Amino acid sequence: MFERFTEKAIKVIMLAQEEARRLGHNFVGTEQILLGLVGEGTGIAAQVLKSMNVNLKDARVEVEKIIGRGSGFVAVEIPFTPRAKRVLELSLEEARQLGHNYIGTEHLLMGLVREGEGVAARVLENLAVDVSSIRAEVIQMLGENAEANVSGSNATQARSKTPTLEEFGSNLTQMAIEGGLDPVVGRQKEIERVIQILGRRTKNNPVLIGEPGVGKTAIAEGLAQRIANRDVPSILEDKLVITLDVGLLVAGTKYRGEFEERLKRIMDEIKSADNVILVIDEVHTLIGAGAAEGAIDAANLLKPALARGELQCIGATTLEEYRKHIEKDPALERRFHPVVVGEPSVEETIEILFGLRDRYEKHHQLTMSDGALAAAAKYANQYISDRFLPDKAIDLIDEAGSRVRLLNSQLPPAARELDKELRAVLKTKDEAIRAQKYETAEQYRAREMEIKAQIAAIAQSKKNEPDLNLEDPVVTEDDIAEIVAAWTGIPVTKLTKSESEKLMQMEETLHGRIIGQDEAVIAVSRAIRRARVGLKNPNRPIASFIFSGPTGVGKTELTKALASYFFGSEASMIRLDMSEYMERHTVSKLIGSPPGYVGYSEGGYLTEAVRKKPYTVILFDEIEKAHPDIFNLLLQILEDGRLTDAKGRTIDFKNTLLIMTSNIGSKVIEKGGGSLGFELSEDQTESQYTRVRSLVNEELKQYFRPEFLNRLDEIIVFRQLTKDEVREIAELMLNEVFARIKQQDIQLNVTERFKERLVEEGYNPSYGARPLRRAVMRLLEDSLAEEVLSGKIKAGDSPVVDVTNEGEVKVLLGEKLELLT
């Protein structure tokens with residue numbers, strides 16, 4: 001209770017305890033509270049008593065006459081008498097009746113008068129005070145204070161009829177009159193439907209149902225604005241739209257029945273005022289609110305009033321919460337009438353952004369271009385898939401405004417350096433003053449003034465620049481694109497010259513790591529260029545390929561190279577080894593376990609990875625090893641760029657590049673379509689590749705369903721590696737070994753003879769480049785490891801690896817290099 005006491009009321013209680021000590025009493029009674037009220041001197045109670053000729057001296061005399069003096073021994077903690085406790089309870093009740101959420105001296109005085117049987121009442125009678133007129137005097141004085149502090153508008157007078165509601169809610173109508181609400185654009189149909197339901201005789205309670213961020217609360221604000229503008233039917237004129245904070249209503253209810261008491265008071269106030277429309281955002285929070293230890297929850301307390309039409313309530317909640325909480329309670333559900341609030345279209349969102357533009361321009365102190373607003377709606381719809389319009393578009397313009405303002409408010413680099421120097425000079429000057437080195441301090445003072453003058457000059461020159469500060473900074477389409485790119489990782493910004501050159505030279509860049517396989521490199525490069533320029537189909541993935549061919553020719557390596565050069569790093573690639581998905585039940589690993597199974601809350605590996613990183617390469621390695629049911633899952637990804645996970649969320653694959661590798665047809669490729677064992681001319685090689693490709697396609701058709709193959713953009717058959725290509729790959733592998741051993745400060749070289757030996761042992765058309773890797777490990781890495789461990793090669797050496805005439809690999813140092821013959 002005491003937390004609601006004003007400072008003056010607390011002072012009265014302290015003075016009452018002092019009076020008890022003065023008279024030697026071990027209790028605080030009504031008479032001590034009266035003496036405290038008189039002694040406080042500045043509160044409303046003291047002023048009222050003073051106007052009735054009550055002073056502290058006379059009051060003390062009367063109290064002493066009635067109760068006398070005590071024993072003299074007084075405890076540290078002085079308890080209240082039962083009558084004094086009753087006075088405190090009555091003062092709380094008086095405060096509530098007057099609609100005050102505090103207890104002041106005036107309430108304590110009215111509590112004393114209302115109690116009427118204590119020593120205080122007898123003291124007042126003895127002092128010839130008209131006790132019956134005290135309450136009227138207090139209320140009159142309270143009224144004068146209120147008139148001095150509050151303007152007497154109709155809205156304020158009406159609001160004072162509902163003090164409890166005012167404490168636990170916000171008056172949207174008043175905020176609309178004062179211009180404190182954002183303008184509501186569109187939504188006329190939904191607002192009309194809400195007005196229609198509010199006009200009913202009974203069960204006049206609409207509930208706004210929609211996804212998060214579509215503008216449910218805005219509809220309630222739109223209704224408040226229409227009432228403020230008197231643009232409503234006569235049945236709703238002069239109504240007050242008040243939003244109730246359920247959390248605040250529950251907060252601080254320590255004792256049983258306190259929550260119910262608050263809610264009943266609110267309902268009584270609404271019933272007596274007869275002009276309140278209650279708005280409860282997140283209306284599902286009513287269910288269970290305040291229901292502790294068998295108490296009745298808020299929803300059950302409100303049910304009778306909602307059904308009889310005594311309470312007009314607008315609820316707002318999401319589809320999921322409505323289904324989970326309100327539909328489970330048919331008795332509550334029948335009292336509400338759903339108004340479905342759909343997500344606005346991109347065009348409607350642009351109109352909403354134009355309506356809100358002034359508010360955001362004023363807040364950020366800049367200008368927002370028409371193109372920026374249109375881009376915000378378009379990009380939000382296209383690239384941010386897990387949220388809803390117009391909320392995500394509004395967030396884009398808000399953050400873009402913040403970014404542009406911050407960029408324009410920063411000092412130039414030269415001024416920032418000077419500012420840093422100024423702080424150092426001030427610190428040194430203060431140290432010199434503390435050390436009483438006043439001459440040194442004077443020198444630093446001169447430097448301080450010099451730096452301040454330089455900073456002022458730079459700021460002035462920036463202000464005088466013609467194109468920068470004559471007008472407010474402008475938020476452009478590029479700024480919106482920067483924010484989208486920062487949120488999602490998808491490059492939406494316009495192409496820079498360096499990036500354009502990088503994309504044009506993409507094949508050359510990939511060929512630095514991938515030897516041969518021109519068809520695959522060209523197909524992947526074209527897909528990336530198409531997506532980056534914005535010419536790809538916005539409703540499909542960037543591209544989808546099957547890389548088919550023999551083992552070890554660079555199918556997975558090409559995907560790694562692509563992820564490394566154009567998506568940040570190899571780690572940014574989402575890699576799924578399909579040999580892990582050979583059983584039917586492993587489908588759940590991709591999209592998440594169904595409800596009731598272990599791991600439901602964790603989500604699927606594929607869907608969660610794409611939600612976190614929507615712009616990436618997805619590699620389905622060894623696709624033919626997967627269970628056939630996996631391919632059914634891929635159909636909607638390949639066609640529509642979307643997949644629904646176990647929780648019902650739609651995951652967007654429209655900015656992913658899908659690559660599947662397969663060894664299907666490797667037997668056909670190994671046979672090479674005939675002419676095996678003979679050196680082929682270029683024309684023969686090309687015709688052989690064409691024949692092999694058609695045979696591989698036939699094999700794929702036998703293994704995969706037509707609807708799966710038909711959704712792929714391209715099936716690329718990798719060629720077998722030629723001896724020259726294996727030689728180039730050998731150079732790459734040797735360079736990797738050189739780089740690794742250079743970290744130990746050893747400069748390694750190999751002879752041409754060793755390279756030829758490496759190619760001879762590592763070349764196998766059927767197995768690609770993997771035998772070469774084994775040859776490097778056996779011939780080079782093993783020999784080097786033995787020499788390093790034996791101590792023959794140490795840091796700083798420059799060994800050379802060669803092959804003797806007998807075919808033995810030798811690691812030679814400086815003095816033995818003459819053996820190289």
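Every residue gets a Cβ built from N, Cα and C, even glycine.
The ATP binding site annotation in Swiss-Prot covers 210-217, 549-556, and the record cites sequence analysis as its basis. Summarising the annotation, Swiss-Prot assigns domain 'Clp R' to 2-144 and lists sequence analysis as the type of evidence. Here Swiss-Prot flags 5-70 as region 'Repeat 1'. The annotation region 'Repeat 2' is assigned in Swiss-Prot to 80-144.
Taking the features listed in Swiss-Prot, we show where each one sits on the structure.
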residue : record           : Cβ neighbours (10 Å)
Gly210  : ATP binding site : 22
Pro212  : ATP binding site : 13
Val214  : ATP binding site : 21
Lys216  : ATP binding site : 24
Gly549  : ATP binding site : 27
Thr551  : ATP binding site : 16
Val553  : ATP binding site : 27
Lys555  : ATP binding site : 28
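Counting residue by residue with DSSP, the domain 'Clp R' (2-144) contains 99 helix, 4 strand, 40 coil.
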